[in-house]
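See structure below.
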Amino acid sequence: MKTTNKASNVIFTNPKTQQQHYSLRKKKTPPSLLSTPSPLSPPSQHQKLIFFQMGATEHVVGERENEIEAGMREKEGDGGNKEERVRDLERGEVGVEEREVQSNHVDVDDDDNVGHGHDHEEFNVSRFHRLNPTNPLRIVINSSTRVAKPSQPTNQSQRSHTHTQSRSVPTPIETPQPPPQQPVTLNSRRYTNRISLFIFALHQLLAIALVCFLVFKGIRGLIQDSDSVKRKQKNVLKFFLPQVEVATFMSIILAFIWQGAIRKWPTFMIHFILWCTFIMSLAAGILLICFQKAPTDGVGVCFIAFAIGNGLYGCWVSHRIKFCCKVLSLSLQPVSKFSDLNKPTYNMLGVGFLWISLWILAVIGALNFYFPPLIIIVLVLSLMWTTEVMRNVVNITVSRVIALYYLRGMQSSTQFCLLRALTRNLGSACLGSLFVPAIEALRIVARGLNLLEGEDEFMFCCARCCLRVMDSIFRNGNSWAYVQIAAYGKGFVNASQDTWSLFEKEDMVPIVDADITSSICFLTGVCSGSICVIVVAAWTQRVHQSFTATLSLLTFLIGYLLTRIAMAVPHACVSCYYVCYAENPDNRLFDKTIKDRQALLKTGREVVVPTPRGLRRYTTRS
């Protein structure tokens, strides 16, 4: 029968060998064997013999005395293969010693024949490397070269115990962690959308060169051309240029009047703008039709059609006006803390006035050049992009000032924010100036198509296609992006996506989708343009009737563009209110206005007609 000594990991095949083992444990280990050899030196034959005779005695005999007789195992398998499952609770390090003991593995029967002459005695030498470093057997194996230090056994024991625990406990499977995100900074120094910035700079250089060339052509026509050409140029300068300059100056005055009135009486002005625009556009259309000329009649019909649409829109959004007035009032409160917040608006309007004055001379000079209609269309498109960039520069400047106030409680310098908008964030302003007007136009189209019942298959397909396009556009490009562009220096597309993700996370999509602040700013520009049309059309009809239709369209465009520059201030304030709230709803600077609105929408006590951003589910009629 086979007996296992659990304390020493030695397996005995007969009782006689076990008695010899017990007698050898009482003998004292020679002092020469207590030195610590190098882990790289293999044990000698003499050490192996003593190792077997000592019976793998532990350093604490009293604690292991009761464990000697608990290691009985039976043979497993018919082929004589003897696998013993012996576990030592005090295993040592298994580094280099494990490879050395395995490489110098010696048959147990040979050791028995040398030391005691007992046949068929076998033990598992591969277990020796698991002995505790303080075990005498481990000291015997390592006694050739290494000398033990007083402090090493304790540290070695602690390390081996820690290593044993780390090996006995299975290591949990670690899930891959996402890469750490770069910290968001409010003082980014990189230039955003550099390609758009380069294209706009190139366009501006070409536009300046073209305007200068056309002004030169106009002056040359007044000096060197024939009498008929000179007479024509003089008539244009006399009856065309003054009306445009007056319309430009009047548009700037109206822009400041609208902005000051909205800041002072926001609730009243929202109602006033909705219906004043309806009245003014309708009056401009009727006035142009009364002139009874084909060009003026066509322009007048357009104004009347817009007035009808404006009236319908005012009735459609009547239930949204109360909440919009409240948000506008709250968002304009920080404006009083910044006395110089209107300086960017003054600067942009001054630059706009000078550029339009030079631009109109280029339009007059284009009449003496090849393809005048094509040249004038190019100049108009260039003017629209330039003024839209000016408006977005004001928007980004004001957005940074207000956003830093909401996010960090800072009162930053408006001049520094304007300089930043004109340099680092100008590329995003240029890119947004191209896409945001198109997005707003498509938004109006999508809302109109959403009102269709879907009975016409062709119109149904168009509506479905437009809704899919709108879903992609609103996520990748929207007017809410200017807040994060100004605050964090993001690109236009990234800022649009991040801002819309914030709205979705905070369940604010129905609220921002139903906001009419951008529509109010748009209608303010239309109202100023209609007022300019009424004044200029009546004036031109008395002095030079053939210029009435052309000047009506031109002055309407100038009034609209310049007014939108001034209205960028309240628009930026409302955008900052929504975006900064979505980023930190628990900010003490915000009240419960949006939370109460969300609660009303969830309970169904407030109905909001959302802008479509996906396929609408149509029910079949029975």
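Each residue, glycine too, has its Cβ placed from N, Cα and C.
Residues annotated as compositional bias 'Polar residues' in TrEMBL: 1-22 (among others).
Look at TrEMBL and you will find 144-169 (among others) tagged as compositional bias 'Polar residues'.
Annotation comment: TrEMBL describes 173-182 as compositional bias 'Pro residues'.
For 1-45 (among others), the entry in TrEMBL reads region 'Disordered'.
Among the features that TrEMBL reports, region 'Disordered' is placed at 144-186 (among others).
Here TrEMBL flags 195-216 (among others) as transmembrane segment.
As annotated by TrEMBL, transmembrane segment applies to 236-258 (among others). Listed as Cβ neighbours of the transmembrane segment (236-258) (distance under 8 Å, sequence separation of 6 or more from its ends, same chain) are residues 222, 269, 273, 349, 352-353, 356-357, 360-361, 364, 367, 524, 527-529, 531-532, 535-536, 539-540, 543-544, 547, 551, 554-555, 558-559, 561-563, 565-567.
According to TrEMBL, the feature transmembrane segment maps to 270-291 (among others).
Residues 274-275, 277-279, 281-282, 284-289, 291, 516, 519, 523, 526, 530, 533, 549, 552-553, 607, 609 of the same chain lie 6 or more positions beyond the ends of the transmembrane segment (298-319) yet place their CB under 8 Å from a CB of it. Summarising the annotation, TrEMBL assigns transmembrane segment to 298-319 (among others).
Tertiary neighbourhood of the transmembrane segment (353-381): same-chain residues 207, 210-221, 225, 229, 232-233, 236-237, 240-241, 244-245, 248-249, 252, 557-558, 562, selected by CB-CB distance under 8 Å and a gap of 6+ residues from either end. Sequence annotations record features per position, and here TrEMBL assigns transmembrane segment to 353-381 (among others).
Summarising the annotation, TrEMBL assigns transmembrane segment to 520-539 (among others).
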